[in-house]
Amino acid sequence: MTRPAADLRAPWWRAAALPVALVALVLIMPLPLGGNRAAVWLASTAVCGLLVSALALRLVHAGRCLQIAALGDVIGPVLLALAFGMIQTLPLAPYLPAGWLALPDIGAALPRTISLVPEASLTGLLRLAGAVAFLALMLEVATAPQIARRIGWALFAAVVIHAVLALIAGPSGDARGGLAGPFANPNSFATFLGMGAVLGLALLPARGRNHPSRSGAAMMRRAGLWLCLGLVLLALLGTDSRMGVFATILGLAVVVAGQPRRLVTALGLGALLLGVLALSAGVLDRAVFLAEAVATRAEVYRQTLGLIAARPLAGYGLDAFAPAFELVHRPPLASTRLWDNAHSSYLTLWVELGLIAGSLPMLAALAVARRLLRQMRGAGPDAALPRAALAALILAAVHALVDFSLEIHANLLMLLALIALGLSQPSPEKRVHYTI
């Protein structure tokens, strides 16, 4: 028998524990170089896997299933891509056409597996499975609008904290010298800050509508929140990331487009000023070296496309880009540099999973965008979270064209958290409460 929603309510301290844990994970994940270390994301995967397993068992006992099960058009392509990644690690190569497994300039086939490094592919599968578990958990805790808004504000606060710490710490020690915060490079940090900026810009006007008090204390609180957004944007400019700033401006424009008309001019002017400040700051200084950077990046793309052409269907295995690229690594690219990514997440997916399976995550992203647009139309003026999620998705998708920021685990978790907040707002009659 299905238990009524009221029976699924948990005591307040248990109801708060899971949202707090998930927000804390997003807060601390960037600390060890954006979470881009195996020990870090393996620990994250273990925690999320245990939590989602316990929650799923509890919900089955209550006659329910996880909210993520209703997102078949989103999660289906992702699971298919992961399933193909698992197939790449199996000893199936002898049973496949030799032409599918040809290696560039060699023509030989792998003896046992499609993946060049099946061990690395398995760890990559664990990392992505942990991200799916995180999404499932966030979808569960965000079904109540009040909790979702609080999580949104907590995520914004996490970004503000990292922005302030980066401004205090100053530029990174690499050759570019931009702010990198806890991340390994400024571009990845810029994506993290950009997602926080679009979230803040979506939440701030909504707070003004929901709390219209004009008392001195309320006005001071609102001013303080706008100041926090300004600090995030200041840190973003400090990264000197050309594409990071451009993608963030696009995301901010998505948020601005859905605001009440009286705000459009002011917010649009703010986005314009952001662009002007970007051109007058270190971003302009980096533009001096743009021609050289473009030439190098174009050569990487050319050699990567050759890699894809050699194995368009089978791919080389999840997390196997680095050894695969060495098969085609030629001058004018420096032989002393190891290329462990294509500086384009799309190309990396096609190298590792092939053109068909590698395109499945993109289909999932399109399904998310379609659902978010539908949520925005149905939510009316209270569409801050779907709007922020759509803006973050566009920001991340654009930046991923020429960078690997989404391959950094902290950025992936932030994006998934925002998507969950945007998607998990059911109608009141369908609303249920999670329990653990």
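Glycine is treated like the rest: Cβ placed from N, Cα and C.
Automated prediction, rather than curation, is the source of TrEMBL annotations.
The feature transmembrane segment, as given by TrEMBL for the ranges 189-206, 243-260, 405-422, sits at 189-206. Checking the ranges 266-284, 380-398 against TrEMBL, the transmembrane segment annotation falls on 266-284. Segment contact holds for the transmembrane segment (218-237) and the transmembrane segment (151-169), given three or more CB pairs below 8 angstroms at sequence separation of 6 or more. Most Cβ pairs under 8 A with the transmembrane segment (151-169) among the ranges 12-33, 39-61, 120-139, 189-206, 347-372 are made by 189-206. If you average pLDDT over the domain 'O-antigen ligase-related' (229-359) in this model, you get 82. Tertiary neighbourhood of the transmembrane segment (189-206): same-chain residues 30, 34, 149, 152-153, 155-156, 158-160, 162-163, 166, 179-183, 222, 225-226, 228-229, 232-233, 235-236, 239, 241, 243-245, 247-248, 251-252, 254-256, 259-260, 263, 267, 381-382, 384-385, 387-388, 391-392, 395-396, 399, 403, 405-406, 408, 410-411, 414-415, 418, selected by CB-CB distance under 8 Å and a gap of 6+ residues from either end.
Panel annotation: around the transmembrane segment (347-372), residues 71, 73-78, 80-81, 84-85, 88, 301, 304-305, 307-308, 311-321, 324-325, 341, 386-387, 389-390, 393-394, 397, 404, 407, 419, 422-423 of the same chain, lying at least six beyond its termini, place a Cβ under 8 Å from a Cβ of the stretch.
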